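Features reported for this protein in Swiss-Prot:
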type: BINDING; residues: C43, C44, C108, C139; note: [4Fe-4S] cluster binding site
Amino acid sequence: MNSMEFPLFDRTTPNSVISTTLNDLSNWSRLSSLWPLLYGTSCCFIEFASLIGSRFDFDRYGLVPRSSPRQADLILTAGTVTMKMAPSLVRLYEQMPEPKYVIAMGACTITGGMFSTDSYSTVRGVDKLIPVDVYLPGCPPKPEAIIDAITKLRKKVSREIYEDRTGSQQENRCFTTNHKFHLGRSTRAVNYDQGLLYQSTSTSEIPSEAFFKYKSSVSSHELVN
């Protein structure tokens, strides 16, 4: 089950001493200790109920689901990711220790699915937020496909080189955001003749100084442009 091909791991001396490299030993030790963080937002996540059952029993791969990102090294994303959920997903990914991996499960996670059609609130692909190692298409994917994706990820882990992994982690730092808490104040609004309608301009186009406008107490009659 856990046997992987290591180029330097099979060489033995006449005294039955295994000679290998630190890189291969590190990869071998992580093969059976992938602890996933299950991030499900839609119907694809229901397939995990079958995967955890006795028929498929994904515990045999050493997968122990964790509820804390600081104890996980694999995150399984399943379901639609909305704009409101995007910062939470990025924060969970950043809280995971290195090395860490991502499996995108389902069409909604990979491309946004049918919910991304003419939708302003759906992220069209989780890879726009965090780097993805394995894509698992389907609506929803079967438990056998999930096991196959985990097997492919384990093969990738077994062939990793420490220098390449470190360089890849530095390149992916572009996904890091500075989490700083700001004092939330009244949001801006536009006063139309027909009534008060909230402005739909994306927050990325509004400077942070203009986005939060200080008012000690604001009533509905005091909202101006």
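Residue numbering: from 1, along the chain as shown.
Keep in mind that glycine also has a Cβ here, set from the backbone N, Cα and C atoms.
The secondary structure of C44 ([4Fe-4S] cluster binding site), as reduced to three states from DSSP, is helical. Listed in sequence order, A78, G79, M105, G106, C108, T109, G138, C139, P140, P141 are the same-chain residues at least 6 apart in sequence whose CB falls under 8 Å from the CB of C44 ([4Fe-4S] cluster binding site). Proximity of C43 ([4Fe-4S] cluster binding site) to non-local residues of its own chain (separation of 6 or more, Cβ distance below 8 Å) is seen for G79, P140, given in sequence order.
Compute the center of the Cβ atoms of C43, C44, C108, C139, which mark the site for [4Fe-4S] cluster; besides them, the chain residues with Cβ within 8 Å of that center are S42, A78, G79, T80, G106, A107, T109, G113, G138, P140. Each of the binding-site residues C108, C139 was scored by the number of other CB atoms within 10 Å of its CB, and the largest score is that of C108. Reduced to three states, the DSSP call for C139 ([4Fe-4S] cluster binding site) is coil.
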